[in-house]
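As recorded in TrEMBL:
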COMPBIAS  1-20  compositional bias 'Low complexity'
REGION    1-23  region 'Disordered'
TRANSMEM  335-355  transmembrane segment
TRANSMEM  393-412  transmembrane segment
TRANSMEM  433-456  transmembrane segment
TRANSMEM  493-512  transmembrane segment
TRANSMEM  518-540  transmembrane segment
TRANSMEM  560-581  transmembrane segment
TRANSMEM  593-622  transmembrane segment
TRANSMEM  647-666  transmembrane segment
């Protein structure tokens, strides 16, 4: 039970105005209500030199509190209008707190908000005593020439010290902030402080501050020290013992005067009709086809124009595998060296940027810069969410494993060529490993850049997480096309140029595409024209994607990068399905190893896509305010350490590794089949 002792004063008003040289004693009579044993009010005299009418009061308060309790001072202005504010100064042993009533707080565009009810919790000095008596003075003064009525109340805060795993409810307003103390138990090095609100608004700020005075607990100063984040319904901050030498800290909750920082509406100004943030999105990933007219073709049965050659009823791989194998191998090796060069020049500035972001977060304490899942963010060293970074290790390890598998196959194939084995020279799909090396490198780089993105995830950094996913999808489709068209596949330079164009438009969509209809029209026209151009270059079978551009123009997705990524993955899976169906239709069979890889990969992709769409819903929050995005934070779901985004990392890396193995093994049944009996599709 909180013991309260209200004290109401009515200052006396002098009838004459003294001159500046005159020394006056401003004496007021204090009338107290009922008092408790631990709370004593004593009357004192304030002596001052008055330039005008002066009303002064000093109250000495004695409170006996335990270690788990705090002291709160509340003031309510009872007078309807006061020409001058009433000034309060609370003088403690090691701190001074001052405020005025009515309190004036400023919002956006310097709008003023006036509050006549205030409540402030006093800073508690460190103590080892189980209970102690605290003395402090409350000085009250005003320059008002009329009588001012107010109510001053000093009360204990019973639940001032928070307990681990114990919920506690409290109320706060802009003029009545709250803060509480937490002491680390023995053996506990990290805790997560969670604050939940029953309403989306008003917008609030949760701050973690060291045990020191003064406590910054107003909207205009809460960001001065410590860690803080805005919130609507949910906020969570991970706190480590090593950051607080006293092994304790304050949890401060401040209600903002306005809701704009949390995505709320402006109060006094009309707004456009509310609508969700939108960004343009339309994906384009096609297998590139180049005849390369500077290279010549020779056919045994027909030595004429290429278009005449292509009028054969059925094309076989032997018709499109006439060029020198050494030249083609060097041509496809360029894919690997180009992507390695791209990776170095892309990754270095990205790493520098995210390190800068993380440093700013750690130095300023502003946790609105990065959109972590604060309900499942486990820090390590300077990293705020190490679990999201660690889960990307699966991409790197599986990419490295795939490179080792390709290296082994490459060595075995070269040995077979040195022995002039007929199966290596004239049978099976021509083996060129340059694209495989590029795919493995891209998978490793996806892990590195995704880890960089998760150092400080936000909307502008999101393309770091998706750039090499576009490359992986493009390289896989190129490899599928290369299997049956080894001589006419796109060069590395043109392929990477097209993928760079996709990433370039992705950046434009992030920067300019939010609700921009003109951008969507221009982008859709470019998409349709590019589709027509590439379709005319595809050998034997053209594929049209006019519907995708029309969909993007009519119904714009919420997030451009996620939309591109979803289309890239779906196109890749559809191309896989098309290839397998055509393979079976051509009378070819699938060996057991390839069949196991296909079934395993299909199952993993099913689970991965489920988590992908869950993660995509969360990624849409990157376009919202930090406070609104925290409404979608989720608890850890695996080993109390990994969240659903981490599960997506694990499953998608396994699924992509499985897809690479399918690409590598599904034509192993043709290793002993003559190439003039392998159909092109």
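Including glycine, each Cβ sits where the backbone N, Cα and C put it.
Note that the structure is a prediction, hence the values are computed from the model and not measured.
Residues 431, 433, 436-437, 439-448, 450-451, 649-650, 653-654, 656-657, 660-661, 664 of the same chain sit 6 or more residues outside the transmembrane segment (393-412) yet have a Cβ under 8 Å from a Cβ within it. Using a Cβ-Cβ cut-off under 8 Å and counting only residues 6 or more beyond its ends in the same chain, the transmembrane segment (647-666) has close neighbours at 388, 391-392, 394-395, 398-399, 401-402, 405-406, 409, 436, 439-440, 443, 447, 450, 472, 476, 479-480, 572, 576, 579-580, 583, 590-591, 593-594, 597-598, 600-601, 604-605, 607-608, 611-612, 614-615, 637-638.
Only residues 6 or more beyond the boundaries of the transmembrane segment (335-355), in the same chain, are considered here, and those with a CB under 8 A from a CB of the stretch are 434-435, 437-438, 441-442, 445, 448-449, 452-453, 455-456, 461, 464, 467, 471, 475, 492-493, 495-496.
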